[in-house]
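Participant: Quick one: the structure is below, and I'll ask about it shortly.
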Amino acid sequence: MRAHEAGALHGQAGTRGPAWLDQPDDPNALVPQLWPATVTKVDGVLTAGGVSVLDIAREYGTPTYVVDEQDFRDRARAFREAFVGWDVYYAGKAFLCTATARWVDEEGLNLDVCTAGELAVALRAGVPAKRIGLHGNNKSRRELVRALDAGVGRIIVDSHAEIDRIVEVATELGVTARVMVRVTAGVEAHTHEYIATAHEDQKFGLSITDGQALDAVRRILDEPSMALLGVHSHIGSQIFDTSGFEVAARRVVGLHAQIIKEYGYTPPELDLGGGFGIAYTTQDDPSTPAQLAAGMREIVAYECGALGVAMPRLSIEPGRAIAGPSTFTLYEVGTVKPVALDGGATRTYVSVDGGMSDNIRTALYDADYSCTLASRGSEVEPTLTRIVGKHCEAGDIIVKDEFLPGDLAIADLVAVPGTGAYCRSMASNYNHVPKAAVVAVREGEVRLMLRRETEDEMLALDVGY
Ligand SMILES: Cc1ncc(COP(=O)(O)O)c(C=O)c1O
Ligand SMILES: N[C@@H](CCCC[NH3+])C(=O)O
């Protein structure tokens, strides 16, 4: 368990926060492991890729997601290099636009998409269809037609109904569908219950335990319009305890060997999914790609050896670990409100110009984030602060607890790191708030990746009645 999961509160001078959150000696200082590689403070002002956040806010407004392109590319490359000989699929659901699709392609990664929309982005970015994998527990016929017509390299089958659908579409198109079977490895991954996917009682995959996975394999092997690449396991997301990956790897290698023994067919591939955790606060201590690779290699090699089968071609699908740490969200402060708590403590509520529409993770998963005053330095004593959004919802919290300078004021900029994954990609228009812009910074230049949505664009959907 990570320390902050204990969730205890403790008293500070006039404030109250979780036990794990220490009052920093210098609230202006950045905790390096929480920030993209090129982020630093220059005279108190946050800069990324050599660009000041003051310039970004002036030119692009707030809230804006700021992506450190070099950091993103370096993380992608680190996975490719650590998992040399394996295929690394970037899980586009973390954050996909044509720029990130192009970056991962240029860095030698493949791409995992899970809807026709994500597929459209990947194809528009020029990612070769052969290097795209299609996921999803309810792929529509239309999505399958698009994927098979485009010639995607693999489709990860999630149900028996989907096998029927693929057979129909592949037969009509006269193509062979290259498929993997998503299996439920029966692992209780240590993460939030909403993002654990390998225990039996959830919607993804076919169970190894009750034999459905093996039945699906049998059906696929009997189907002339399908080619079985292998089995696929993804145990969940934001996972630190590598034992979950190890147990899952053991079980899927076991199934792989069973397919060889029972059906006399050797699947050429095996996918162990993504889910590698990142640091959102000082309490998180993620493994490096090299550590993950070493552990996973060892376990797969050992299991294959023990079962007397050759190592298949292996693949993984990291999303968050590539996109998450590369990005921070820049907000402008609109109101500052001290709120008295029971027992005489106070908490300062700072409202910013975004919220759960650009980062739903705190509300959805009770996620923890950190932040910093980005537009200036301050010598004022830090105070326990909660960063909240502008939505009509008491749970519209972005950062539950952080020590920020006590003189934080209207028009200051604050930056929240670790927002590159599952923030813009899960953004909504709640309260008719337009979706925020995304910019890339690199070597002193800012490039717009996704422009800010406009009110007119939102209103264009409202065709009247
Ligand atoms: C099938 C599959 N692969 C890969 C991922 C990527 O997970 P993460 O972003 O945690 O690496 C997900 C999301 O959980 C997923 O569902
Ligand atoms: N969206 C989740 C993770 C689910 C990943 C997709 N299967 C998050 O923000 O942590």
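Along the chain as shown, residues are numbered 1 onward.
A Cβ is built for glycine as well, from the same backbone N, Cα and C atoms used for every other residue.
Here's the feature list from TrEMBL:
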- 1-23: region 'Disordered' (REGION)
- 71-323: domain 'Orn/DAP/Arg decarboxylase 2 N-terminal' (DOMAIN)
- GLY275, GLU317, PRO318, GLY319, ARG320, TYR422: pyridoxal 5'-phosphate binding site (BINDING)
- ARG320, ARG361, TYR365, GLU393, TYR422: substrate binding site (BINDING)
- 327-420: domain 'Orn/DAP/Arg decarboxylase 2 C-terminal' (DOMAIN)
- CYS392: active site, proton donor (ACT_SITE)
Participant: Beyond the listed site residues GLY275, GLU317, PRO318, GLY319, ARG320, TYR422, identify every same-chain residue whose Cβ lies within 8 Å of the center of their Cβ atoms for the pyridoxal 5'-phosphate site.
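Facilitator: Apart from GLY275, GLU317, PRO318, GLY319, ARG320, TYR422, the close residues are ALA91, LYS93, ALA94, SER237, GLY274, PHE276, ALA321, ILE322, ALA323, GLY324, ALA421.
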Participant: Among all chains shown, work out which of the binding-site residues ARG320, ARG361 has the most CB atoms within 10 A of its CB.
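Facilitator: Checking each of ARG320, ARG361, the winner is ARG320.
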Participant: Among GLY275, GLU317, PRO318, GLY319, ARG320, TYR422, recorded pyridoxal 5'-phosphate binders, what is the largest CA to CA distance in Å?
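Facilitator: Looking at GLY275, GLU317, PRO318, GLY319, ARG320, TYR422 as a set, their Cα atoms extend up to 15 Å apart.
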Participant: Consider each pair of residues in ARG320, ARG361, TYR365, GLU393, TYR422, all listed by the record as binding substrate, and report the largest Cα separation in Å as a whole number.
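Facilitator: Max span of the substrate binding residues, Cα based, is 27 Å.
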Participant: So if I draw a 10 Å sphere around the Cβ of GLY275 (pyridoxal 5'-phosphate binding site), how many other Cβ atoms end up inside it?
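Facilitator: I count 28 other Cβ atoms within 10 Å of it.
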Participant: Do you know offhand how many angstrom separate ARG320 (pyridoxal 5'-phosphate binding site) and ARG361 (substrate binding site) by C-alpha?
Facilitator: 13
Participant: Output the one of GLU317, GLU393 that, of all these binding-site residues, has the highest number of other Cβ atoms within 10 Å of its Cβ.
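Facilitator: When each Cβ's neighbours within 10 Å are tallied, GLU317 tops the list.
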Participant: Taking only C-alpha atoms and a 10 A limit, tell me which of ARG361, TYR365, CYS392 are near TYR422 (pyridoxal 5'-phosphate binding site). These are the recorded positions.
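Facilitator: Of everything listed, what lies within 10 Å of TYR422 (pyridoxal 5'-phosphate binding site) (Cα to Cα) is ARG361.
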Participant: Of these binding-site residues, PRO318, GLY319, which scores lowest on Cβ atoms within 10 Å?
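Facilitator: If we count Cβ atoms within 10 Å for the binding-site residues PRO318, GLY319, the smallest count is at GLY319.
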Participant: Which of these recorded positions has the least crowded Cβ, counting other Cβ atoms within 10 Å: TYR365, CYS392, TYR422?
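Facilitator: The recorded positions TYR365, CYS392, TYR422 were compared, and CYS392 has the fewest Cβ atoms within 10 Å.
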